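What follows is a set of notes on a single structure, which appears directly below.
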Ligand code: ADP
Ligand code: MG
C-alpha cells in the first residue's frame, strides 16, 4: 500500500465515519510527442506516469453523491437527480462531471444509488501532467465498478473527455484520459484520435538506461484557456480554407499549396499540426526499428515547431529545453498545452546530474523562478487497488 493510499483511506474514514469499500487510482500523463494534434483528429503518443490520484469510495443507500478531496475537506453533495453541467462548479466538477457523463453514455442513473468519495493526488496541478484526467479516470473506473457498468476503457476515456468539455468547460481532446486509462509500464499509448484506436508501444527506456526528466517551470498557464481556444480556432479555419474536414486530412505534400492559400499565421499553425502528426508516426517507427536513443531529434523538432510555428512555448520552456540539450539530453521538448507548464528531457542515466545542474544554473542566471525537476517512469493506467 502506498502512503497516499493509506492517507486517502484514513481521510475517508474520518470524514464519513466508515471505511471505504474500495480504493482506485489513476495516473497523470506525460505527452511524449504529438501536441495539439488530438483535437485535429490526429496522432498522439503519451504515457501514463508513476504519479497518481487515489480515490476511496463507498456506496450509499440513497441517491446522494458526495465528493471531498485534499482541496476541500467539506464534501460537495448533490443528488443524482440534479446532476447537470450547470449544477457543477470548481474542482468537484471533475469527479461529479464524470458521474453525469456516464449517464450521457447510457448508464441508468435513474436506477442507481449514490456514493461517498474522497480523493487526493500526487500529480502536480497545472504542470501539464493532467491532474484533471487523473481525477476523471479514477472516478470513471470506480463508478464503473460499483455501478457495474459494461463500459470499455475507450468509452471511459470519452466519458472523462465529455466531463471535462461540458461540466468543467475546458475544450480538451481525448488524449489525457486515454493515457491515464490505457497506460502500461515502460510503454506509451499511441492513439489515433480519429478512430480512437490505440496501441500500447514499448518504450524500452528502462533497458536503454534512459530517464524522462520533467522540468516544471512553475509558470502558470494563466492565458492558456484563451490561447488554447485561439489555436483550436486557427486549426479549424485552416482546415476549412483547405477544404478538409480536419487537419488530419492535410498531408505533408499539401503544405506547399497551403502556403499559397493561407495567411502566414494560419499556415504556420497548420504546418505545426501536419508535421507533428508525421513526427508521432516517425517516433513510433523509430522506437521499433532503432530504439529509444534514436528519437531525440524528433523531440527537438517538435519543440521547435511549437516554439516557432504554433507559438505556445514560453521563454522558460525554451530555456529548459535548450539547457537540457546542451548538457547532454538526447532530446527535449515542452509538453502539454503550452503557455507555461513543463518540459521533458530524455536523458541517459549517467547524464542526469549534469542536465539537472545545467537547467538550475540557467534558470538562476536568467532570473527565473527555480523550476521543479523530477523524473517520471511510464506506469500502469487506472486500476482498482483494493
Ligand atoms: P492539469 O494540467 O493539471 O490537468 P487542469 O487545470 O486541467 O490542470 O486541472 C487542474 C484542476 O484539477 C484543479 O484546478 C482542480 O480543480 C482539479 N484538481 C487537481 N488535483 C486535485 C486534487 N488533489 N483535489 C481536487 N481537485 C484537484
Ligand atoms: Mg487538465
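Backbone N, Cα and C atoms are what each Cβ position is placed from, and that goes for glycine too.
Taken straight from TrEMBL:
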DOMAIN    10-59  domain 'Galactokinase N-terminal'
DOMAIN    95-183  domain 'GHMP kinase N-terminal'
DOMAIN    288-360  domain 'GHMP kinase C-terminal'
Restricting attention to the domain 'GHMP kinase N-terminal' (95-183), give the mean pLDDT.
96
Residues of the domain 'GHMP kinase C-terminal' (288-360) by DSSP state, where helix covers H, G and I:
45 helix, 12 strand, 16 coil
